[in-house]
Amino acid sequence: MPALTCFVDGAAALLHPPGYALAGDFTLPLPFTFSAAATITDDADATAVEDSNSIWSPSLSSKLFRIDGWGFPYFGVNAAGDISVRPHGSATMSHQEIDLLKVVKKASDPKCCGGLGLQLPLVVRFPDVLKDRLESIHAAFDGAIQLQGYESHYQGVYPVKCNQDRYIVEDIVEFGSSFRFGLEAGSKPELLLAMSCLCKGNREAFLVCNGFKDSEYISLALIARKLALNTVIVLEQEEELDMVVEISNKLCIRPVIGVRAKLKTKHSGHFGATSGDKGKFGLTTIQILHVVKKLEQLDMLDCLQLLHFHIGSQIPTTELLADGVREASQIYCELLRLGAQMKVLDIGGGLGIDYDGSKSGDSDESVAYGLEEYAAAVVHAVKYVCDRKNVKHPVICSESGRAIVSHHSILIFEASGASTNTAPSLSSIELQYLGEGLSEEALADYQNISAATLRGEYEACLLYTEQFKKRCVEEFKQGTLGIEQLAAVDGLCDLITETIGVKDPVKKYHVNLSVFTSVPDFWGINQLFPIVPIHRLDEKPTARGILSDLTCDSDGKIDKFIGGESSLPLHEMEGHGGGYYLGMFLGGSYEEALGGLHNLFGGPSVVRVLQSDGPHGFAVTRAVAGSSCADVLRVMQHEPQLMFETLKHRALEFCGQHDDDSVVNAGVLANSLAQSFDNMPYLVSSTTCCLNALTNNNGFYYCSGDDFSADTVSVATSVAGEDENWSY
């Protein structure tokens, strides 16, 4: 650390122009260096792990980033310092673990280097994890049912709004077929895709129709019942009943009807806004009685078979959960007493995700229970109420979309560089400009800085420094101070501040990503997700940073992280930047569905990865390039082909009218324009980098990008063929 008195003394000599004398003795003491006690710092964000370990290891990184908390049982850190994926959860054997960095290499390396040539950002999906989540939820309920002697079964549905991707929905229908797992729709397009997918599912699987409805929605739902799909129309508003009755009579299709109840039970978190008397959806007890009476008058009371409720996502505790389930169970029993042929209690969503690994019910970022505790609380609450009322136990249905799909999808993005507000060195500050043009008031401010330095009053020194800088800025605005003088003042003040130790140590890591497209919940509702480097975890992170995206928007950043942190432990960028890969985890629900097109940054590339018995343990079974510039332009009603023709004509007009070389140059320009339309909107290195990691994962080689392509990769349906062609 440079001695503060050194550069204050040096600057002082330049601050005494001829004929101008400052009062007081400005003979400074010998240079000294601040001790740790004298340094004003803010180490609140430093963790015990960072402070106490000079030798680093992957296990320490796992603790630092809480991976064993939020990542269990699907994610860990391997001996090489890379994130490893355990596709089968706790049942994953060591040789089945997948090195995430190798998956990124396979996807992003150019074809000439053996990769698929996909551009980052990249979403990596693991259907094996999705399958394990479905099986784990079903097993939790099945275990609770057997243990407690519950006399019915569990039969869940996946709310497709969480992620409507075709392959995710098809996988859920396939993986859940053996235990009658169904789908939930909340709009007409979602209903159409659910109907189509369930044609390949279990005949007993529920198709739950939620959301606001018009005559076309209700007609589709009734047609689905005609197609032998186990469809239930859930009334969100009392008025919907009249449409259901009218259209069912016209189509001669007897409906199965459910009602959504507005419970009194409400949780206080952000996600609890849809619950309680003031909730957006559902019927009050008065409205439910109106529905029962009308169905009874129409001799259709036997059609009422399901009660649905939802007290909000991310239910924090099983106590709150059980309270809501007991209330709903009472309504269920009352409907049976009134003559409805009730069969199903749909407890809605709410099965939470532990985003921060704390296993706490004190915030929206975590929950104080696991799958087994959740299922046990639900089964016990329903059984308790029904047994007291001597009512047959209903089928228990849940809509646990977040818990099903969050873990199986990982967003990978690259940090292209890092910047910090590091003060310039004393030698780089052109101090001679400080002797020109400063007002008497500014020179007096400097006198105060010098005096405070002599006395060792560093707090006062900071105050005088701030005042000195502020005064000089005002003089610059008034035109009495030149830019050279202002730059010298800025450099000197920054150097003083950094030397005392209050300079912000947090770096800004520039990431090849759009927060608005890929992490919209962070921007919209301050939802936090675990973000971790996917490699170099055998090295100690020596920097702290926030993430700044590509968009031209001040909100395009991630500056809040799990654990209440305002910065993230990161590694120093190597070389000229790039090659530092971060993963955002637990974002498989909602993020892709909610993402927008701010600055026309489109969706990321996507790969689907299965665990295999190949030499490297995985197979890429599907790879799709992200949205190109042409794709996102079409969304905004531009026509890329016409745009290209216009620009091509312009190139020929201004670059191709003199000689043969100009014509060639015009052709090169046209080809470059065409390539720009085909490429993704995100940054691309001028030289395509092969992520060919050496033993320490830090060495890369480069090759020509001529073979780079962002074409969609289609793969044969044969598993053996997939493994042979795409295994890494």
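For all residues, glycine too, the Cβ spot is worked out from N, Cα and C.
Model, not experiment: these values are computed from the prediction.
Pulled from Swiss-Prot:
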{"type": "BINDING", "residues": "LEU345, ASP346, ILE347, GLY348, GLY349, GLY350, LEU351, GLY352, ILE353, ASP354, TYR355", "note": "substrate binding site"}
{"type": "MOD_RES", "residues": "LYS161", "note": "N6-(pyridoxal phosphate)lysine"}
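Within the same chain, residues at least six positions away from LEU345 (substrate binding site) with a Cβ under 8 Å of its Cβ are LEU306, LEU307, ALA328, SER329, TYR332, VAL382, PRO394, VAL395, ILE396, CYS397.
Each of the binding-site residues ILE353, TYR355 was scored by how many other Cβ atoms lie within 10 Å of its Cβ, and the smallest score goes to ILE353.
Looking only at the binding-site residues ILE347, GLY349, ILE353, TYR355, the one with its C-alpha closest to LYS161 (N6-(pyridoxal phosphate)lysine) is GLY349.
Listed in sequence order, ILE137, ILE315, LEU371, TYR374, SER398, SER400, ARG402, ALA403 are the same-chain residues at least 6 apart in sequence whose CB falls under 8 Å from the CB of LEU351 (substrate binding site).
Taking Cβ-Cβ distances under 8 Å and a sequence gap of 6 or more within the same chain, the neighbours of GLY349 (substrate binding site) are PRO159, HIS310, GLY312, SER313, SER398, GLU399, SER400, GLY401, ARG402. On its own chain, ILE347 (substrate binding site) has PHE309, HIS310, GLY324, VAL325, ALA328, VAL378, ILE396, CYS397, SER398, GLU399 as residues at least 6 apart in sequence with a Cβ closer than 8 Å to its own Cβ. When Cβ atoms from all protein chains are considered, those within 10 Å of LYS161 (N6-(pyridoxal phosphate)lysine) total 19, not counting its own.
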